[in-house]
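Asker: According to TrEMBL, the record shows the following:
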- 73-91: transmembrane segment (TRANSMEM)
- Gly79, Ala81, Val82, Asn86, Ser323, Asn355, Leu420: Na(+) binding site (BINDING)
- 103-124: transmembrane segment (TRANSMEM)
- 145-172: transmembrane segment (TRANSMEM)
- Cys184-Cys193: disulfide bond (DISULFID)
- 238-257: transmembrane segment (TRANSMEM)
- 269-288: transmembrane segment (TRANSMEM)
- 316-337: transmembrane segment (TRANSMEM)
- 349-374: transmembrane segment (TRANSMEM)
- 408-429: transmembrane segment (TRANSMEM)
- 449-475: transmembrane segment (TRANSMEM)
- 481-502: transmembrane segment (TRANSMEM)
- 522-543: transmembrane segment (TRANSMEM)
- 563-581: transmembrane segment (TRANSMEM)
Amino acid sequence: MFPLNLLYSKIELASLSSNITKYHLCILSLAVNTLGKAETLSRMRHISMRTFSVVGEKDENQDRGNWDSPLEFFLSCLGYAVGLGNIWRFPYLCYRNGGGAFLIPYLIMLFCCGLPLMLMELAIGQYSSEGPITVWKLSPIFKGIGIGMIICSSICAIYYNMITGWALYYLYLSFREKLPWTCCEESWADERCFSFAKECNSQTPVNFTDSAKVQSADQFFHRQVLGITEGFGDLGHFQWNLVVVLIVAWMIVFFVLMRGIKSIGKTVYFTSTFPYIVLIVLFARAIVEPGAIDGIKFYLSPKLEYLTKAQAWGDAAAQIFYSTGVCFGGSITLASYNNFHNNIYRDTMIVIFGNSLTSIMSGFVVFSILGFMAHYTNTTVDEVVTSGPGLTFIAYPQAVTVLPWSPFWSGLFFFMLLILALSTMFPTVENVATAIIDQYPRTLRPYQFWVTMTICIIMLILGAPLTTSGGMYILQLLDTYGVGYSLLFLGFCEVIAVGWGYGADNLLNNMEEMLEKRPSHIWYILWRYVTPVILLFAIIFQLWDLKPMEYRGHTFPDYAARIGWTLTSIPLIPIPVYFIYKFLSSRKEGVSAWKTFHSLSHGSHFEPALLKYHSVRTKITEADDDVFP
């Protein structure tokens, strides 16, 4: 008999060889005769998957792999949830919706929508070890929701990595003795340009309150970096500096993701913790500047009359989706690589708390800087506050030009932005890769390296228009319509499908199997009633408050709105299309439509991936969660 250990090693050599010889064929033939065809193929698949380090020897799930430790999963979730939205969106929403009063709708939306949705997604992902598309075995007729999630993630990744490229470019520019936007340069500035730096204004005094004047950082960003055109319809030409940084940004994403969660798990120890250190350092630096306290007072002063406005509640709901990452599918993907008994309840609570703390802390940092700027220019905080790219690529860069060691503070800030952007990009792209691979596991799992490379290349090509002079207008359109409006609809459909279709009580049973303790009945109430109702009202508030898109005083044309609503519909179309397809293809003669729908919405094949956990399954209950008689 041929020694089995030696045979296994020979199979490994044959499997990993790029040049199959007669010797390799003999080894494989011997293996088939000794072990059988099925066992040989199984070992070859396992070896092929292990080559790319997707699966570790100690992983519980030897088909998909697992996180090396619960801490890696927690930090990945935290990095995924905490992103640029916490830095550049939350502080502005506080300003726009009554300062400290905005915390009331924000916290209500967080605990009534964000928290239940995140726990739901982590639970179904961990229980099934499936990605955001195949996880819908729990309610097969709603599989279109998973497809919509992946479309949203793809759209987000395409434009989000352009922002990563901007941060990378500004970080590169910070390695200079003098920041290039400190003074107005003839190559990119016009007669309206002015600078805060005293060395730039030694000859002509500047009236900072003159509305016709434009900050040097503003003109540098729009005229030099973006080369921005006059409006949405004019794309202009490629900005080659942006082309280069976009390529570099996608290369970074690929090299981190080419080994799947194994490489993500090692990077998150830095990417998920470093931004907090920087935020503390920046706050300590900003708070000692004159005017900083006034900025914080402006941030915290509550204007309770704003609580009666629909805009405040709609903004709070939208911010929850931006800041927690729910309904993109990323939380499902990250949890799918957990061990079966990981404590997702604990992780959810800490991630939600950490995310909220980051948003509030970012507000302190941002408004202390804006207060300093207002004091320096002898204006009010209202006149210097801004949102989005204007905050991160104009307001802060302008503020550091008047600080000692300005290149250091600029570099520190943009390095933090880069890390925040990447810590969100890694799980977002991995989410897309996992969904595709889980759909065709036998074919694609051994080729995760190539799947990831293909995804990155396609998204790089699709993101190329963002590097043109009109790319900023496209980015604004994608952010508002391609993702913003779609998420609320997806969230509403998701909570209905799980809470009512599969059954909230069944999900609590599943969680009891994993946690070995039944969660509180409050989650049943949230998933079935509270969260769906609040999301429905949030959708109404968002649609009620629709306004034409603007950027820097330029109102987008009507056809841009039509393009935008088309983008909004793309992630939503798979839901009714797959619903109808699944219903019609599963309908049997003599079976009522209601029974067919009930059987397809109540997934009896939703079970743990590993057979050893099937024996402890709680029987799926249909009596309590029967939506239809």
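Glycine residues also receive a Cβ, built from the backbone N, Cα and C atoms like all the rest.
Given the structure is predicted, the values throughout are model-derived calculations rather than measurements.
Tell me what's around each of these sites.
Answerer: Only residues 6 or more beyond the boundaries of the transmembrane segment (73-91), in the same chain, are considered here, and those with a CB under 8 A from a CB of the stretch are 67, 122, 160, 163, 261, 264-265, 268-269, 271-273, 275, 299, 319, 322-325, 330-331, 334-335, 337-338, 342, 347, 350-351, 354-355, 358-360, 362-363, 366-367, 387-389, 391-392, 417, 420-421, 423-424, 426-428.
Under DSSP, Leu420 (Na(+) binding site) is assigned to a helix (H, G or I) in the three-state scheme.
Beyond the ends of the transmembrane segment (145-172), by six or more residues, the same chain brings 84, 131-136, 225, 241-242, 245-246, 248-250, 253, 327-330, 332, 389, 392-393, 397, 410-411, 414-415, 417-418, 421-422, 424-425, 428-429, 431-432, 435, 459, 462-463, 466-467, 471, 474-475, 478-479, 482-483, 486-487, 490, 493-494, 497, 567, 570-572, 574-575, 578 to within a C-beta distance below 8 angstroms of the stretch.
In three-state terms derived from DSSP, Cys184 (disulfide bond) belongs to neither a helical nor a strand segment and is classed as coil. With a 10 A radius on its CB, Cys184 (disulfide bond) counts 22 other CB atoms from all the protein chains.
Under 8 Å from some Cβ of the transmembrane segment (269-288) lie the Cβ atoms of residues 72, 75-76, 78-79, 82, 296, 358, 361-362, 364-365, 368-369, 372, 403, 409, 412-413, 415-416, 419-420, 422-423, 426, all in the same chain and six or more residues away from its ends.
Through the fold, the transmembrane segment (522-543) approaches residues 109, 112-113, 116-117, 119-120, 310-311, 313-314, 317-318, 485, 488-489, 491-492, 495-496, 498-500, 504-505, 507-508 of its own chain, all at least 6 residues removed from its boundaries and within a Cβ separation under 8 Å.
Residues of the same chain lying 6 or more positions beyond the ends of the transmembrane segment (563-581) and with a Cβ under 8 Å from any Cβ of it are 141-145, 147-149, 151-152, 155, 477-478, 480-482, 485-486, 489-490, 493, 549.
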Asker: Hey, how far is Leu420 (Na(+) binding site) from Cys193 (disulfide bond), Cα to Cα, in Å?
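Answerer: So the Cα of Cys193 (disulfide bond) lies 31 Å away from that of Leu420 (Na(+) binding site).
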Asker: Would you mind checking how many other C-beta atoms are within 10 angstroms of the C-beta on Ala81 (Na(+) binding site)?
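Answerer: The answer is 28.
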Asker: State the three-class DSSP label for Asn86 (Na(+) binding site), counting H, G and I as helix, E and B as strand, and everything else as coil.
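Answerer: It is helical.
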Asker: Within 10 Å of the Cβ of Asn86 (Na(+) binding site), how many other Cβ atoms can be counted across all chains shown?
Answerer: 25
Asker: Which residues of the same chain, at least 6 past either end of the transmembrane segment (408-429), have a Cβ under 8 Å from a Cβ in it?
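Answerer: 76, 79-80, 82-84, 86-87, 153, 156-157, 160-161, 163-164, 167-168, 170-171, 173-175, 179, 249, 252-253, 256-257, 264, 267-268, 270-272, 274-275, 278-279, 281-282, 285, 325, 328, 330, 333-334, 392, 396-397, 400, 452, 455-456, 459.
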Asker: Take the transmembrane segment (316-337) and find every residue of the same chain, 6 or more past its ends, with a Cβ under 8 Å from one of its Cβ atoms.
Answerer: 61, 64-67, 73, 76-77, 80-83, 85-86, 89-90, 93, 97, 102, 105-106, 108-110, 113-114, 117-118, 121-126, 128-133, 135, 146, 149-150, 152-153, 156, 261, 344, 351-352, 355, 359, 424, 427-428, 430-431, 434-435, 484, 487-488, 490-491, 494, 534-535, 538, 541-542
